[in-house]
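Student: First the structure, which I've put down as structure tokens, then a few questions once you've had a look.
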Amino acid sequence: MLPRTPLFFLPAVRFASKRFASTQSLRETLQDVIPAKQEQLRKLKLNHGQTTVGEVKIENIVGGMRGLKAMLWEASVLDPIEGIRFHGLTIPDCQKVLPPAPDGKEIIAESMLWLLLTGKVPSPEQTRQLSSELAEKGDLPKFVEDLIDSLPKSLHPMTQLGIGVSALNHDSAFQAAYERGIKKSEYWTYTLEDCINLIARLPTLAARIYHNIYKPTTQMPSIDRNLDLVGNYARLLGYGDNHSLTEYLRLYIALHGDHEGGNASAHTAHLVGSTLSDPYLSYSAALFALAGPLHGLANQEVLRWQLAMQKELGTEITPENIKDYLWKTLRSGQVVPGYGHGVLRNPDPRFIALQEFCDTRPELKESSIIRLVNMTAQVAPGVLMEHGKTKNPYPNVDATSGCVLYHYGLTEFKYYTVIFGVSRALGALTQLVWARALGLPLERPKSLSMDALEKLINQ
Ligand code: CMX
């Protein structure tokens, strides 16, 4: 058994149940919570602007800024041991309190987005209202359809997604309002409008890319106004009849929506957004960060690696043989995909939640690829500890994520990061709204050359 992250969810759930918003709309709820947050920030700056909360070591500067506390991010905080909390709620808390789709049990993107944006748990009615709004706004402008259709099928789906998202800025409410001239206090409302429109259109854009590349002869279904965002995404992809896959996508997309601010995609959206670039441009930049193999591309890499392992081991799948295969990977100088993390120092609770999903589905329990993932997860931490390099030898969310898609027939693994891209918009765009509501400034850290660092050391 993998060690379980300690879960302190009961008090948080009690707290969360008190936070059920009323019948307010998302905008009204946000409008209500913003003044208190603005006041909290004002007091922090006024009373503690000069308080030190950490030190900067040379190893932080040359080590990818690991561990530096240098960013404000409201929606979630990542604890190295416990994992992610969304406004204080752990993943099991969220699974208890966030409303699912009418035909499902898993968390959905709308309820997670509501929580991330407002810090409140939406009622089922509020979640449905948001689903209807997103379905209403989901169609792409014709010129974006034409643009995507004109791209070569051989262009990586993530590149296509980034191109499509940046082109959507043609209709940016924020950009138009900024050009007209608006007050700073109004920035967040136009940013929110763009963010909602973008979240609504992402599944349609992502599904169009999928159809163009992988199913060019099939007709893409249209949006069903009665479905939730991810129910529609599964439908548009052509998997609407597969209830288990739809539920899996709902869970995966909700869980993956935010992982605090320092990860490369979230940070990129924040940095670009701090220049007052609109949400479309900010998020397209984030998607290109997500496209790197050490970040979002890992889910496709895991599947590729597990399939290669399966092929090589054939019928001889034993812990010993898996161990040998892990050593072969490490000795060839490659990383073991799906293991390790920049912050986490325990098994990723998102990995645990996906494993639990697999355990509830007999077809997944029997799946050869999922069984291999499970066996690998038992063996790999020991091997990685013995190898002695990684600070976290445990599986991260990507150790399973792509393999479940593969089992359900969504086998085009170059596409997997696109699904991650649909998901991560929830958190990255939430922060853009809050950055505007709080009036956060242009991000501009100080860089130093090695000579300048040496001068500082010798002072
Ligand atoms: N296999 C082999 N070596 C690993 C390793 C792994 N899974 N994870 C880390 N290491 C190595 C690093 O490459 C590094 O080696 P060098 O000193 O030679 O450069 C050393 O261990 C220390 O790394 P670390 O501090 O533990 O991890 P980082 O913060 O540098 O990197 C991550 C984090 C995720 C990029 C890394 O663990 C990795 O490459 N994992 C595999 C890819 C993967 O699963 N990515 C998905 C991340 C999930 C997400 O984005 O949310």
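Yeah, the Cβs are placed from backbone N, Cα and C, and that goes for glycine too.
Whatever TrEMBL says is automated annotation, not expert-curated.
What TrEMBL shows for this protein is this:
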ACT_SITE  HIS295  active site
ACT_SITE  HIS341  active site
ACT_SITE  ASP398  active site
Student: Around HIS341 (active site), how many other C-beta atoms are within 10 angstroms of its C-beta?
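Tutor: Total other Cβ atoms inside 10 Å, all chains included: 22.
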Student: For a quick check of packing: other C-beta atoms within 10 Å of the C-beta of ASP398 (active site), how many?
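Tutor: Within a 10 Å radius of the Cβ of ASP398 (active site) lie 29 other Cβ atoms.
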Student: In whole Å, how far is HIS295 (active site) from ASP398 (active site) when you measure between their Cα atoms?
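Tutor: With distance taken Cα to Cα, HIS295 (active site) is 10 Å from ASP398 (active site).
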Student: Through the lens of DSSP with three states only, how would you label HIS341 (active site)?
Tutor: coil
Student: Could you state the whole-number distance in Å separating the C-alpha atoms of HIS295 (active site) and HIS341 (active site)?
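Tutor: Rounded to the nearest whole number, the Cα-Cα distance is 10 Å.
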